[in-house]
Amino acid sequence: MGKEKIHINIVVIGHVDSGKSTSTGHLIYKCGGIDKRTIEKFEKEAAEMGKGSFKYAWVLDKLKAERERGITIDIALWKFETSKYYVTIIDAPGHRDFIKNMITGTSQADCAVLIVAAGVGEFEAGISKNGQTREHALLAFTLGVKQLIVGVNKMDSTEPPYSQARFEEIQKEVSTYIKKIGYNPAAVAFVPISGWHGDNMLEASDKMSWFKGWKIERKDGNASGTTLLEALDAILPPSRPTDKPLRLPLQDVYKIGGIGTVPVGRVETGVLKPGMVVTFAPPNLTTEVKSVEMHHESLPEAVPGDNVGFNIKNVSVKEIRRGYVAGDSKNDPPKAAASFNAQVIILNHPGQINQGYAPVLDCHTAHIACKFNELIEKIDRRSGKKLEDNPKFVKSGDAAIVKLIPQKPMVVEPFSNYPPLGRFAVRDMRQTVAVGVIKAVDTKEISGKTTKAAEKAQKKK
């Protein structure tokens, strides 16, 4: 069998009509998990509806619709393989909660693929001041997605088709604006593609003989190639944070007859093993882990990325809930936050945000109202430089450092220590009004309970 391929996550971003669905659909279609029968079924439906020309996007639309109806269709459909990696597409904008998902996202993307349309007038629309392209790219960078690939799509609809001049014009302009955001254009592969016809997707196109391939320079090693698939292969593999202390935000807590209380969640950092003594914050409740399971099989240890259930002793299902975080009681255990400072970017708020504003924050699995207790400073959203102290208010487009106070017990961490617990979405009026990255946290000591099982386990050690 040989060694299993490394799993990586990508997020696909870009303007509505850039052809994200078609390009993504093409990759999944050609290298991916969609079985032939499903494809044939979709193709037949597409043809019957006169959508023959739309087949890749149609495949993706079907998947998306099923995903949104809450039917968890075989998630393998969102995966495809390159020669080096198993790639999972964790989300594609256009989903209603894209921004929220990207932030509280169950997984951090290792790389963003930005699709821009090269068609006449299309590129300009996507990148204009109010186009989504900038917003998505800024969001990806702010949330720590440091690798980027740019697919210049719809090369078949430039004037003349497959125009070298148009590709170079777009490459130049996109380079300028991703540089402003913080990406280094020299480390970004720019690939001229047609997601529809398949040019430079998996195989080099014979229509763009002028394209001598993409090159990237970075301190972790240079790379070059021709196709989008090769660019995905050149992504630097993520280092999964097993060496950090354990952080496991709870998604659910079950009571299982004959077993007892079983919290479920995804290991974000560190490892979880049977026999470990864990502390749940905010209530500061300490107990022993009896067993750890994934897909109904017991595990000797769970590592970052694993979605697990674990059985704990002497704790009732009423004492812990979704949004709580488990950690190793002997190694920097999580604590309740009294307040925290964060850098926020206001995305779409119809009015002004003043001191005292108390929207709901979505951070990891927690969903808790937090008060903007102090607007500390307004900053330039690209450079981070201070613009003014103690602004009276902030509005859409602004970035600021603010002090937030959770209105109920909550666990958050500085982004620099534990990224998945250090980014959040601010939700109000049924939309994401702001995103934030946590800079510093003031914790509070809560005297919690330690179960008998934990005391016994600690004595044994």
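Glycine too: its Cβ is placed from the backbone N, Cα and C atoms.
Positions annotated as GTP binding site by Swiss-Prot: 14-21, 153-156, 194-196. What Swiss-Prot lists as domain 'tr-type G' is 5-242. Residues or ranges marked as N,N,N-trimethylglycine by Swiss-Prot on the basis of similarity to another entry: G2. What Swiss-Prot records for E301, E374 is 5-glutamyl glycerylphosphorylethanolamine. Feature annotation from Swiss-Prot assigns region 'G1' to 14-21; the stated evidence is sequence analysis. Residues annotated as region 'G2' in Swiss-Prot, with sequence analysis given as evidence: 70-74. Annotation source Swiss-Prot lists region 'G3' at 91-94. What Swiss-Prot lists as region 'G4' is 153-156, and the listing cites sequence analysis.
Shown here: features listed in Swiss-Prot, placed on the structure.
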| residue | record | contacts (Cβ under 8 Å, 6+ apart) |
| --- | --- | --- |
| M155 | GTP binding site | A118, P161, Y162, S163, R166, F167, P192, I193, S194, D199, N200, K207, M208 |
| E301 | 5-glutamyl glycerylphosphorylethanolamine | V271, L272, K273, V292 |
| E374 | 5-glutamyl glycerylphosphorylethanolamine | Q355, N390, V402, K403 |
Sparsest-packed among the binding-site residues, when each Cβ's other Cβ atoms within 10 Å are tallied, from G14, K20, W196: W196
Top of the binding-site residues N153, S194 by count of other CB atoms within 10 A is N153
DSSP three-state call for K20 (GTP binding site): helix, strand or coil? helix
Let's see if you can do this one: DSSP helix, strand and coil counts over the region 'G4' (153-156), in that order. 2 helix, 1 strand, 1 coil
